[in-house]
(Lines of atoms letter the chains of each structure in order from A and count residues from 1; the text may use other names and numbers.)
(Lines give C-alpha, C1' and ligand atoms only; values in the text may rest on other atoms or scores of the structure.)
Protein backbone atom coordinates (compact mmCIF):
# COMPACT_ATOMS: atom_id res chain seq x y z
CA UNK A 1 0.00 0.00 0.00
CA UNK A 2 2.72 2.41 1.01
CA UNK A 3 4.65 1.60 -2.12
CA UNK A 4 1.70 2.51 -4.29
CA UNK A 5 1.54 5.81 -2.47
CA UNK A 6 5.20 6.56 -3.25
CA UNK A 7 4.57 5.84 -6.87
CA UNK A 8 1.66 8.20 -7.08
CA UNK A 9 3.45 10.94 -5.24
CA UNK A 10 6.55 10.51 -7.38
CA UNK A 11 4.67 10.87 -10.67
CA UNK A 12 4.17 14.66 -10.58
CA UNK A 13 7.79 15.03 -9.53
CA UNK A 14 8.96 12.99 -12.53
CA UNK A 15 6.78 14.93 -14.95
CA UNK A 16 7.90 18.17 -13.38
CA UNK A 17 11.62 17.38 -13.58
CA UNK A 18 11.45 16.10 -17.15
CA UNK A 19 9.61 19.16 -18.39
CA UNK A 20 11.75 21.51 -16.33
CA UNK A 21 14.78 20.16 -18.16
CA UNK A 22 12.93 20.46 -21.47
CA UNK A 23 12.25 24.08 -20.59
CA UNK A 24 15.95 24.62 -19.89
CA UNK A 25 16.71 23.22 -23.34
CA UNK A 26 14.13 25.31 -25.12
CA UNK A 27 14.93 28.52 -23.28
CA UNK A 28 18.25 29.24 -25.05
CA UNK A 29 16.61 28.57 -28.43
CA UNK A 30 13.82 30.97 -27.59
CA UNK A 31 16.39 33.37 -26.24
CA UNK A 32 18.40 33.27 -29.50
CA UNK A 33 15.37 34.00 -31.61
CA UNK A 34 14.02 36.91 -29.57
CA UNK A 35 17.44 38.40 -28.84
CA UNK A 36 18.51 38.43 -32.48
CA UNK A 37 16.12 41.37 -32.85
CA UNK A 38 17.11 43.27 -29.67
CA UNK A 39 19.96 45.50 -28.57
CA UNK A 40 22.13 44.78 -25.52
CA UNK A 41 20.06 46.92 -23.19
CA UNK A 42 16.82 45.18 -24.11
CA UNK A 43 18.47 41.75 -23.75
CA UNK A 44 19.50 42.56 -20.19
CA UNK A 45 16.41 44.43 -19.06
CA UNK A 46 13.85 42.04 -20.45
CA UNK A 47 15.54 38.79 -21.51
CA UNK A 48 12.24 36.96 -21.83
CA UNK A 49 9.99 39.42 -23.61
CA UNK A 50 9.48 39.27 -27.36
CA UNK A 51 11.29 41.92 -29.41
CA UNK A 52 9.63 45.28 -29.97
CA UNK A 53 10.52 45.35 -33.66
CA UNK A 54 11.40 42.77 -36.29
CA UNK A 55 14.25 44.63 -37.95
CA UNK A 56 16.62 42.36 -39.84
CA UNK A 57 19.53 44.75 -39.37
CA UNK A 58 21.35 42.36 -37.01
CA UNK A 59 21.24 39.62 -39.62
CA UNK A 60 22.60 41.94 -42.28
CA UNK A 61 25.25 43.09 -39.82
CA UNK A 62 26.28 39.52 -39.01
CA UNK A 63 26.53 38.72 -42.70
CA UNK A 64 28.75 41.71 -43.42
CA UNK A 65 31.00 41.81 -40.37
CA UNK A 66 32.44 38.30 -40.77
CA UNK A 67 31.57 37.56 -44.39
CA UNK A 68 29.06 34.90 -43.44
CA UNK A 69 28.01 34.43 -47.05
CA UNK A 70 31.46 33.25 -48.05
CA UNK A 71 31.70 31.15 -44.91
CA UNK A 72 28.38 29.47 -45.70
CA UNK A 73 29.68 28.59 -49.13
CA UNK A 74 32.93 27.20 -47.68
CA UNK A 75 31.01 25.11 -45.17
CA UNK A 76 28.71 23.79 -47.87
CA UNK A 77 31.57 22.98 -50.21
CA UNK A 78 33.62 21.23 -47.52
CA UNK A 79 30.65 19.34 -46.05
CA UNK A 80 29.34 18.07 -49.39
CA UNK A 81 32.78 17.06 -50.70
CA UNK A 82 33.77 15.31 -47.48
CA UNK A 83 30.40 13.58 -47.42
CA UNK A 84 30.84 12.22 -50.95
CA UNK A 85 34.37 11.09 -50.20
CA UNK A 86 33.23 9.33 -47.02
CA UNK A 87 30.55 7.42 -48.90
CA UNK A 88 32.95 6.53 -51.70
CA UNK A 89 35.33 5.04 -49.13
CA UNK A 90 32.81 3.48 -46.76
CA UNK A 91 30.42 1.77 -49.17
CA UNK A 92 32.93 -0.55 -50.91
CA UNK A 93 34.70 -1.23 -47.60
CA UNK A 94 31.46 -2.16 -45.83
CA UNK A 95 30.47 -4.46 -48.64
CA UNK A 96 33.85 -6.15 -48.49
CA UNK A 97 33.74 -6.54 -44.71
CA UNK A 98 30.19 -7.85 -44.80
CA UNK A 99 30.88 -10.45 -47.46
CA UNK A 100 34.37 -11.74 -46.84
CA UNK A 101 34.87 -14.54 -44.39
CA UNK A 102 38.59 -14.21 -43.89
CA UNK A 103 40.51 -13.34 -40.78
CA UNK A 104 41.76 -10.10 -42.31
CA UNK A 105 38.21 -8.82 -42.64
CA UNK A 106 37.41 -9.58 -39.00
CA UNK A 107 40.62 -7.86 -38.01
CA UNK A 108 39.78 -4.80 -40.13
CA UNK A 109 36.39 -4.54 -38.52
CA UNK A 110 37.94 -4.54 -35.06
CA UNK A 111 40.41 -1.94 -36.27
CA UNK A 112 37.51 0.33 -37.23
CA UNK A 113 35.57 -0.42 -34.05
CA UNK A 114 38.60 0.82 -32.11
CA UNK A 115 37.87 4.22 -33.65
CA UNK A 116 34.89 4.69 -31.33
CA UNK A 117 37.30 4.96 -28.45
CA UNK A 118 39.66 7.44 -30.10
CA UNK A 119 38.72 11.04 -29.44
CA UNK A 120 39.82 12.83 -32.61
CA UNK A 121 41.08 15.78 -30.59
CA UNK A 122 43.95 13.65 -29.26
CA UNK A 123 45.66 13.69 -32.66
CA UNK A 124 45.13 17.36 -33.52
CA UNK A 125 48.77 18.47 -33.36
CA UNK A 126 50.23 15.65 -35.49
CA UNK A 127 47.39 16.20 -37.96
CA UNK A 128 48.52 19.80 -38.34
CA UNK A 129 52.05 18.56 -39.03
CA UNK A 130 50.69 16.18 -41.62
CA UNK A 131 48.83 19.04 -43.31
CA UNK A 132 51.98 21.19 -43.32
CA UNK A 133 53.98 18.28 -44.69
CA UNK A 134 51.48 17.76 -47.52
CA UNK A 135 51.55 21.51 -48.17
CA UNK A 136 47.81 21.59 -47.60
CA UNK A 137 47.80 23.45 -44.26
CA UNK A 138 44.93 25.93 -44.01
CA UNK A 139 43.27 24.84 -47.23
CA UNK A 140 39.78 23.55 -47.82
CA UNK A 141 41.29 20.55 -49.60
CA UNK A 142 42.88 19.22 -46.42
CA UNK A 143 39.66 19.50 -44.45
CA UNK A 144 37.88 17.61 -47.23
CA UNK A 145 40.34 14.73 -47.19
CA UNK A 146 40.79 14.74 -43.42
CA UNK A 147 37.18 14.83 -42.15
CA UNK A 148 36.17 11.47 -43.71
CA UNK A 149 38.87 9.68 -41.68
CA UNK A 150 37.09 10.57 -38.45
CA UNK A 151 33.73 9.55 -39.87
CA UNK A 152 34.87 6.19 -41.25
CA UNK A 153 34.69 4.02 -38.11
CA UNK A 154 31.00 4.68 -37.52
CA UNK A 155 30.10 4.73 -41.21
CA UNK A 156 31.84 1.44 -41.96
CA UNK A 157 30.59 -0.42 -38.88
CA UNK A 158 27.01 0.75 -39.32
CA UNK A 159 26.89 0.09 -43.04
CA UNK A 160 28.53 -3.33 -42.65
CA UNK A 161 25.63 -4.33 -40.41
CA UNK A 162 23.15 -3.17 -43.04
CA UNK A 163 25.00 -5.10 -45.77
CA UNK A 164 25.12 -8.27 -43.67
CA UNK A 165 21.35 -8.21 -43.35
CA UNK A 166 21.05 -8.78 -47.10
CA UNK A 167 20.62 -12.52 -47.77
CA UNK A 168 23.63 -13.93 -49.55
CA UNK A 169 21.49 -16.15 -51.83
CA UNK A 170 20.55 -12.95 -53.62
CA UNK A 171 24.20 -12.50 -54.41
CA UNK A 172 24.84 -16.16 -55.23
CA UNK A 173 22.11 -16.11 -57.86
CA UNK A 174 23.52 -12.92 -59.35
CA UNK A 175 26.95 -14.55 -59.49
CA UNK A 176 25.36 -17.50 -61.33
CA UNK A 177 24.04 -15.01 -63.83
CA UNK A 178 27.61 -13.87 -64.36
CA UNK A 179 27.44 -10.49 -62.62
CA UNK A 180 30.74 -9.13 -61.29
CA UNK A 181 31.35 -7.90 -57.76
CA UNK A 182 31.17 -4.24 -58.65
CA UNK A 183 27.92 -4.68 -60.51
CA UNK A 184 26.45 -6.65 -57.62
CA UNK A 185 27.48 -3.89 -55.24
CA UNK A 186 25.96 -1.15 -57.38
CA UNK A 187 22.82 -2.97 -58.53
CA UNK A 188 21.86 -5.03 -55.48
CA UNK A 189 23.56 -3.71 -52.37
CA UNK A 190 23.40 0.01 -53.00
CA UNK A 191 19.61 0.23 -53.42
CA UNK A 192 18.91 -2.26 -50.64
CA UNK A 193 21.09 -0.50 -48.08
CA UNK A 194 19.83 2.99 -48.91
CA UNK A 195 18.32 3.43 -45.41
CA UNK A 196 21.76 2.78 -43.92
CA UNK A 197 23.46 5.09 -46.38
CA UNK A 198 20.99 7.89 -45.63
CA UNK A 199 21.48 7.39 -41.90
CA UNK A 200 25.25 7.73 -42.06
CA UNK A 201 24.94 10.60 -44.54
CA UNK A 202 22.83 12.53 -42.02
CA UNK A 203 25.14 11.78 -39.11
CA UNK A 204 28.19 12.80 -41.14
CA UNK A 205 26.51 15.95 -42.37
CA UNK A 206 25.89 16.96 -38.77
CA UNK A 207 29.43 16.32 -37.65
CA UNK A 208 31.09 17.92 -40.71
CA UNK A 209 28.91 21.03 -40.72
CA UNK A 210 29.29 21.53 -36.98
CA UNK A 211 33.02 20.78 -36.74
CA UNK A 212 34.76 23.58 -34.88
CA UNK A 213 38.24 22.96 -33.50
CA UNK A 214 39.69 21.11 -36.49
CA UNK A 215 38.14 23.63 -38.87
CA UNK A 216 39.66 26.43 -36.81
CA UNK A 217 43.19 25.02 -36.72
CA UNK A 218 43.40 23.18 -40.04
CA UNK A 219 41.35 25.71 -42.00
CA UNK A 220 42.56 28.84 -40.30
CA UNK A 221 41.21 32.40 -40.14
CA UNK A 222 41.43 33.31 -43.84
CA UNK A 223 37.89 34.31 -44.98
CA UNK A 224 38.50 32.45 -48.24
CA UNK A 225 38.83 29.15 -46.35
CA UNK A 226 37.05 29.46 -43.01
CA UNK A 227 33.75 27.74 -42.34
CA UNK A 228 30.70 29.28 -40.65
CA UNK A 229 31.63 27.69 -37.34
CA UNK A 230 35.01 29.45 -37.42
CA UNK A 231 33.63 32.75 -38.70
CA UNK A 232 30.83 32.96 -36.14
CA UNK A 233 32.89 33.43 -32.94
CA UNK A 234 34.74 36.28 -34.67
CA UNK A 235 31.58 38.31 -34.21
CA UNK A 236 32.48 38.66 -30.53
CA UNK A 237 35.47 40.89 -31.28
CA UNK A 238 34.10 42.32 -34.53
CA UNK A 239 30.99 43.76 -32.91
CA UNK A 240 32.50 44.50 -29.52
CA UNK A 241 30.13 41.89 -28.09
CA UNK A 242 26.86 43.07 -29.46
CA UNK A 243 24.81 40.06 -28.47
CA UNK A 244 21.93 40.73 -30.86
CA UNK A 245 24.29 40.44 -33.83
CA UNK A 246 26.06 37.46 -32.26
CA UNK A 247 22.84 35.56 -31.87
CA UNK A 248 21.54 36.55 -35.30
CA UNK A 249 24.76 35.03 -36.67
CA UNK A 250 24.31 31.89 -34.56
CA UNK A 251 20.76 31.57 -35.86
CA UNK A 252 21.97 31.79 -39.46
CA UNK A 253 24.49 28.97 -38.93
CA UNK A 254 21.81 26.77 -37.36
CA UNK A 255 19.21 27.11 -40.10
CA UNK A 256 20.83 24.71 -42.62
CA UNK A 257 21.13 22.00 -39.97
CA UNK A 258 17.51 22.28 -38.93
CA UNK A 259 16.36 22.39 -42.55
CA UNK A 260 18.27 19.25 -43.50
CA UNK A 261 17.21 17.49 -40.34
CA UNK A 262 13.53 18.22 -40.84
CA UNK A 263 13.67 17.30 -44.53
CA UNK A 264 15.69 14.13 -44.16
CA UNK A 265 14.38 12.81 -40.88
CA UNK A 266 11.09 11.93 -42.53
CA UNK A 267 12.88 10.21 -45.36
CA UNK A 268 15.07 8.34 -42.95
CA UNK A 269 12.11 7.15 -40.90
CA UNK A 270 10.16 5.96 -43.91
CA UNK A 271 13.24 4.33 -45.35
CA UNK A 272 13.99 2.52 -42.09
CA UNK A 273 10.37 1.37 -41.91
CA UNK A 274 10.56 0.00 -45.46
CA UNK A 275 13.74 -1.83 -44.57
CA UNK A 276 12.07 -3.36 -41.53
CA UNK A 277 9.02 -4.44 -43.53
CA UNK A 278 11.14 -6.16 -46.17
CA UNK A 279 13.21 -8.21 -43.76
CA UNK B 1 29.15 18.28 -25.22
CA UNK B 2 26.76 16.68 -27.66
CA UNK B 3 28.04 13.23 -26.85
CA UNK B 4 29.81 12.49 -30.10
CA UNK B 5 26.55 11.66 -31.87
CA UNK B 6 28.79 9.50 -33.92
CA UNK B 7 30.18 7.03 -31.51
CA UNK B 8 27.01 6.82 -29.51
CA UNK B 9 24.80 5.98 -32.46
CA UNK B 10 27.01 3.09 -33.36
CA UNK B 11 26.50 1.54 -30.01
CA UNK B 12 22.77 1.94 -30.19
CA UNK B 13 22.58 -0.13 -33.27
CA UNK B 14 24.92 -2.77 -32.05
CA UNK B 15 22.78 -4.78 -29.66
CA UNK B 16 20.29 -5.58 -32.40
CA UNK B 17 22.51 -6.11 -35.34
CA UNK B 18 26.02 -6.80 -34.14
CA UNK B 19 25.99 -10.15 -32.47
CA UNK B 20 23.99 -12.74 -34.32
CA UNK B 21 24.30 -12.12 -38.03
CA UNK B 22 27.68 -13.41 -39.03
CA UNK B 23 27.37 -14.29 -42.68
CA UNK B 24 26.30 -17.85 -43.33
CA UNK B 25 29.27 -19.66 -44.76
CA UNK B 26 28.36 -20.72 -48.23
CA UNK B 27 31.57 -21.82 -49.88
CA UNK B 28 31.57 -20.84 -53.51
CA UNK B 29 34.23 -23.31 -54.52
CA UNK B 30 37.35 -22.44 -56.51
CA UNK B 31 36.44 -18.88 -57.28
CA UNK B 32 36.59 -18.02 -53.63
CA UNK B 33 40.17 -16.84 -53.37
CA UNK B 34 40.02 -14.68 -56.46
CA UNK B 35 36.80 -13.11 -55.23
CA UNK B 36 38.25 -12.49 -51.79
CA UNK B 37 41.17 -10.67 -53.36
CA UNK B 38 38.79 -8.23 -54.97
CA UNK B 39 37.06 -7.78 -51.62
CA UNK B 40 40.36 -6.89 -49.98
CA UNK B 41 40.93 -4.38 -52.76
CA UNK B 42 37.57 -2.76 -52.07
CA UNK B 43 38.33 -2.36 -48.37
CA UNK B 44 41.87 -1.07 -48.83
CA UNK B 45 41.21 2.65 -49.51
CA UNK B 46 39.09 3.06 -46.37
CA UNK B 47 41.59 1.20 -44.19
CA UNK B 48 44.48 3.24 -45.58
CA UNK B 49 42.60 6.50 -45.10
CA UNK B 50 41.83 5.68 -41.52
CA UNK B 51 45.38 4.51 -40.85
CA UNK B 52 47.02 7.59 -42.38
CA UNK B 53 44.73 10.27 -40.98
CA UNK B 54 43.74 8.82 -37.60
CA UNK B 55 46.01 6.05 -36.35
CA UNK B 56 49.22 7.53 -37.76
CA UNK B 57 48.83 10.97 -36.15
CA UNK B 58 47.79 9.32 -32.90
CA UNK B 59 51.00 7.31 -32.84
CA UNK B 60 53.03 10.42 -33.65
CA UNK B 61 51.83 12.01 -30.38
CA UNK B 62 54.04 9.58 -28.48
CA UNK B 63 57.12 10.58 -30.45
CA UNK B 64 56.51 14.34 -30.41
CA UNK B 65 56.16 14.09 -26.62
CA UNK B 66 59.89 13.36 -26.51
CA UNK B 67 60.92 16.47 -28.44
CA UNK B 68 61.84 19.97 -27.41
CA UNK B 69 59.90 21.91 -29.98
CA UNK B 70 59.20 25.63 -29.88
CA UNK B 71 56.42 26.15 -32.37
CA UNK B 72 55.20 24.07 -35.26
CA UNK B 73 57.41 25.70 -37.86
CA UNK B 74 60.70 25.69 -35.93
CA UNK B 75 63.23 22.85 -35.67
CA UNK B 76 63.03 20.30 -32.87
CA UNK B 77 65.51 18.40 -30.75
CA UNK B 78 65.16 15.05 -29.03
CA UNK B 79 65.10 15.46 -25.25
CA UNK B 80 63.72 12.13 -24.05
CA UNK B 81 61.52 12.37 -21.01
CA UNK B 82 62.42 15.99 -20.16
CA UNK B 83 58.95 17.23 -21.08
CA UNK B 84 57.41 14.94 -18.51
CA UNK B 85 59.69 16.15 -15.72
CA UNK B 86 58.85 19.70 -16.70
CA UNK B 87 55.11 19.01 -16.70
CA UNK B 88 55.10 17.31 -13.34
CA UNK B 89 56.84 20.34 -11.80
CA UNK B 90 54.51 22.82 -13.47
CA UNK B 91 51.75 24.15 -11.18
CA UNK B 92 49.63 25.02 -14.23
CA UNK B 93 49.51 21.34 -15.16
CA UNK B 94 48.29 20.42 -11.69
CA UNK B 95 45.64 23.14 -11.79
CA UNK B 96 44.46 21.77 -15.15
CA UNK B 97 44.50 18.22 -13.77
CA UNK B 98 42.42 19.32 -10.79
CA UNK B 99 39.95 21.10 -13.07
CA UNK B 100 39.62 18.07 -15.34
CA UNK B 101 39.05 15.88 -12.31
CA UNK B 102 36.31 18.21 -11.06
CA UNK B 103 34.75 18.36 -14.50
CA UNK B 104 34.65 14.58 -14.85
CA UNK B 105 33.72 14.07 -11.21
CA UNK B 106 30.65 16.26 -11.66
CA UNK B 107 29.60 15.57 -15.25
CA UNK B 108 29.63 11.75 -15.24
CA UNK B 109 27.89 11.04 -11.90
CA UNK B 110 25.25 13.69 -12.61
CA UNK B 111 24.67 13.17 -16.30
CA UNK B 112 24.59 9.40 -16.63
CA UNK B 113 22.08 8.58 -13.83
CA UNK B 114 19.83 11.53 -14.75
CA UNK B 115 19.91 10.54 -18.41
CA UNK B 116 19.13 6.96 -17.43
CA UNK B 117 16.12 8.06 -15.37
CA UNK B 118 14.93 10.38 -18.12
CA UNK B 119 15.36 7.55 -20.63
CA UNK B 120 13.26 5.29 -18.38
CA UNK B 121 10.66 8.04 -18.11
CA UNK B 122 10.50 8.24 -21.92
CA UNK B 123 9.91 4.50 -22.26
CA UNK B 124 6.77 4.87 -20.11
CA UNK B 125 5.40 7.00 -22.96
CA UNK B 126 3.91 9.71 -20.75
CA UNK B 127 1.75 12.39 -22.32
CA UNK B 128 3.78 14.62 -24.63
CA UNK B 129 6.69 12.19 -24.93
CA UNK B 130 6.95 12.74 -28.70
CA UNK B 131 7.47 16.46 -28.22
CA UNK B 132 9.82 15.77 -25.32
CA UNK B 133 11.96 13.53 -27.53
CA UNK B 134 12.26 16.24 -30.19
CA UNK B 135 13.27 18.79 -27.56
CA UNK B 136 15.83 16.46 -25.96
CA UNK B 137 17.41 15.88 -29.33
CA UNK B 138 17.94 19.57 -30.17
CA UNK B 139 21.28 20.18 -28.42
CA UNK B 140 22.76 17.45 -30.63
CA UNK B 141 21.97 19.58 -33.68
CA UNK B 142 23.52 22.80 -32.41
CA UNK B 143 27.21 23.29 -33.15
CA UNK B 144 29.77 24.02 -30.51
CA UNK B 145 30.32 27.58 -31.68
CA UNK B 146 26.60 28.42 -31.90
CA UNK B 147 26.11 26.91 -28.44
CA UNK B 148 29.03 28.97 -27.13
CA UNK B 149 27.59 32.20 -28.60
CA UNK B 150 24.30 31.53 -26.84
CA UNK B 151 25.93 30.87 -23.51
CA UNK B 152 28.23 33.88 -23.86
CA UNK B 153 25.04 35.92 -24.06
CA UNK B 154 23.44 34.01 -21.19
CA UNK B 155 26.40 34.25 -18.81
CA UNK B 156 27.61 37.76 -19.75
CA UNK B 157 27.71 40.45 -17.04
CA UNK B 158 24.67 42.07 -18.65
CA UNK B 159 23.37 38.81 -20.09
CA UNK B 160 20.19 36.81 -19.73
CA UNK B 161 21.03 35.03 -16.48
CA UNK B 162 21.89 38.21 -14.61
CA UNK B 163 18.90 39.87 -16.23
CA UNK B 164 16.65 37.12 -14.91
CA UNK B 165 18.16 37.31 -11.42
CA UNK B 166 17.55 41.05 -11.55
CA UNK B 167 13.91 40.53 -12.42
CA UNK B 168 13.57 38.13 -9.50
CA UNK B 169 15.18 40.70 -7.17
CA UNK B 170 18.13 38.41 -6.57
CA UNK B 171 20.65 41.10 -7.54
CA UNK B 172 23.08 39.87 -4.91
CA UNK B 173 23.60 36.68 -6.92
CA UNK B 174 24.50 38.40 -10.17
CA UNK B 175 28.11 38.16 -11.27
CA UNK B 176 30.21 37.92 -14.44
CA UNK B 177 29.79 34.15 -14.53
CA UNK B 178 32.50 33.36 -17.07
CA UNK B 179 35.00 35.92 -15.78
CA UNK B 180 34.67 34.99 -12.11
CA UNK B 181 37.24 32.61 -10.72
CA UNK B 182 34.69 30.69 -8.68
CA UNK B 183 32.07 30.29 -11.41
CA UNK B 184 34.04 29.96 -14.69
CA UNK B 185 34.60 26.20 -14.47
CA UNK B 186 31.10 25.49 -13.08
CA UNK B 187 29.68 27.45 -16.02
CA UNK B 188 31.59 25.27 -18.49
CA UNK B 189 30.36 22.18 -16.65
CA UNK B 190 26.79 23.50 -16.73
CA UNK B 191 26.96 23.81 -20.52
CA UNK B 192 28.23 20.20 -20.73
CA UNK B 193 25.31 18.99 -18.66
CA UNK B 194 22.80 21.17 -20.46
CA UNK B 195 23.56 19.67 -23.82
CA UNK B 196 24.49 16.15 -22.74
CA UNK B 197 21.66 14.83 -20.61
CA UNK B 198 18.95 14.95 -23.26
CA UNK B 199 20.80 13.14 -25.99
CA UNK B 200 22.12 10.49 -23.62
CA UNK B 201 18.56 10.00 -22.34
CA UNK B 202 17.38 9.23 -25.86
CA UNK B 203 20.15 6.67 -26.23
CA UNK B 204 19.12 5.06 -22.93
CA UNK B 205 15.46 5.00 -23.90
CA UNK B 206 16.31 3.22 -27.16
CA UNK B 207 18.10 0.55 -25.14
CA UNK B 208 15.53 0.37 -22.35
CA UNK B 209 12.66 -0.12 -24.79
CA UNK B 210 14.09 -3.56 -25.56
CA UNK B 211 13.03 -4.76 -22.08
CA UNK B 212 9.70 -6.53 -22.45
CA UNK B 213 6.65 -5.06 -20.75
CA UNK B 214 5.91 -8.37 -19.02
CA UNK B 215 9.00 -7.99 -16.88
CA UNK B 216 7.80 -4.65 -15.55
CA UNK B 217 4.26 -5.96 -15.24
CA UNK B 218 5.43 -8.84 -13.05
CA UNK B 219 7.34 -6.39 -10.86
CA UNK B 220 4.32 -4.12 -10.62
CA UNK B 221 2.16 -6.98 -9.41
CA UNK B 222 4.79 -7.72 -6.79
CA UNK B 223 4.28 -4.16 -5.61
CA UNK B 224 7.46 -2.56 -6.96
CA UNK B 225 7.15 1.16 -7.71
CA UNK B 226 8.81 2.93 -10.59
CA UNK B 227 11.87 3.75 -8.54
CA UNK B 228 12.47 0.09 -7.74
CA UNK B 229 11.57 -1.08 -11.26
CA UNK B 230 14.02 1.44 -12.61
CA UNK B 231 16.98 0.56 -10.41
CA UNK B 232 16.31 -3.09 -9.53
CA UNK B 233 15.10 -4.29 -12.93
CA UNK B 234 15.89 -1.90 -15.75
CA UNK B 235 19.34 -0.99 -14.42
CA UNK B 236 20.75 -4.51 -13.95
CA UNK B 237 19.38 -5.49 -17.38
CA UNK B 238 21.17 -2.63 -19.10
CA UNK B 239 24.16 -2.24 -16.82
CA UNK B 240 26.63 -2.98 -19.61
CA UNK B 241 25.14 -0.17 -21.68
CA UNK B 242 25.27 2.12 -18.66
CA UNK B 243 28.99 1.38 -18.56
CA UNK B 244 29.45 2.01 -22.28
CA UNK B 245 27.78 5.42 -22.15
CA UNK B 246 29.67 6.37 -18.99
CA UNK B 247 32.88 5.41 -20.72
CA UNK B 248 32.15 7.36 -23.91
CA UNK B 249 31.13 10.37 -21.89
CA UNK B 250 34.25 10.09 -19.77
CA UNK B 251 36.49 10.01 -22.85
CA UNK B 252 34.58 12.87 -24.41
CA UNK B 253 34.87 15.12 -21.35
CA UNK B 254 38.49 14.20 -20.73
CA UNK B 255 39.70 14.82 -24.28
CA UNK B 256 37.32 17.16 -25.96
CA UNK B 257 36.65 20.01 -23.56
CA UNK B 258 39.23 22.19 -25.35
CA UNK B 259 36.71 23.60 -27.81
CA UNK B 260 34.10 24.69 -25.30
CA UNK B 261 36.69 26.06 -22.86
CA UNK B 262 38.36 28.01 -25.67
CA UNK B 263 35.10 29.58 -26.78
CA UNK B 264 33.58 30.24 -23.36
CA UNK B 265 36.41 31.29 -21.08
CA UNK B 266 39.73 30.88 -22.88
CA UNK B 267 40.84 28.90 -19.84
CA UNK B 268 40.56 31.89 -17.55
CA UNK B 269 40.33 33.91 -15.49
CA UNK B 270 43.97 33.05 -14.82
CA UNK B 271 43.89 29.29 -15.16
CA UNK B 272 40.63 28.85 -13.30
CA UNK B 273 38.92 26.95 -16.11
CA UNK B 274 41.95 25.44 -17.84
CA UNK B 275 41.37 21.72 -18.32
CA UNK B 276 43.99 19.21 -19.51
CA UNK B 277 42.41 19.13 -22.93
CA UNK B 278 42.55 22.90 -23.20
CA UNK B 279 46.13 22.89 -21.93
CA UNK B 280 47.13 20.62 -24.83
CA UNK B 281 45.57 23.06 -27.26
CA UNK B 282 46.94 26.16 -25.58
CA UNK B 283 50.52 24.89 -25.27
CA UNK B 284 50.66 23.79 -28.91
CA UNK B 285 48.96 26.72 -30.61
CA UNK B 286 49.38 29.79 -28.44
CA UNK B 287 52.38 29.11 -26.22
CA UNK B 288 54.52 27.33 -28.83
CA UNK B 289 55.50 24.43 -26.62
CA UNK B 290 54.62 21.55 -28.88
CA UNK B 291 56.60 18.92 -26.96
CA UNK B 292 55.00 19.92 -23.67
CA UNK B 293 51.58 19.82 -25.28
CA UNK B 294 52.00 16.33 -26.67
CA UNK B 295 53.57 14.99 -23.48
CA UNK B 296 50.41 16.16 -21.75
CA UNK B 297 48.53 14.26 -24.48
CA UNK B 298 50.42 11.10 -23.60
CA UNK B 299 49.61 11.50 -19.90
CA UNK B 300 45.98 12.09 -20.84
CA UNK B 301 46.03 8.90 -22.87
CA UNK B 302 47.12 6.91 -19.82
CA UNK B 303 44.53 8.64 -17.64
CA UNK B 304 41.97 7.64 -20.29
CA UNK B 305 43.05 4.00 -20.24
CA UNK B 306 43.06 3.83 -16.43
CA UNK B 307 39.68 5.56 -16.24
CA UNK B 308 38.19 3.20 -18.79
CA UNK B 309 39.47 0.20 -16.89
CA UNK B 310 37.93 1.69 -13.74
CA UNK B 311 34.54 2.20 -15.35
CA UNK B 312 34.70 -1.28 -16.84
CA UNK B 313 35.23 -2.89 -13.49
CA UNK B 314 32.51 -0.74 -11.95
CA UNK B 315 29.92 -1.98 -14.42
CA UNK B 316 30.33 -5.56 -15.47
CA UNK B 317 31.26 -5.51 -19.11
CA UNK B 318 30.01 -7.97 -21.66
CA UNK B 319 31.82 -6.46 -24.60
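Glycine is no exception: its Cβ is also placed from the backbone N, Cα and C atoms.
On a predicted model such as this, the values are computed, not experimentally measured, just so you know.
Listed ranges A:55-76, A:77-98; the one TrEMBL annotates as transmembrane segment is A:77-98.
The highest tally of CB pairs under 8 A with the transmembrane segment (A:77-98), across A:12-37, A:110-136, A:142-163, A:184-206, A:243-264, is held by A:142-163.
By the count of Cβ pairs under 8 Å, the stretch nearest in packing to the transmembrane segment (A:12-37) among A:110-136, A:142-163, A:184-206, A:243-264 is A:243-264.
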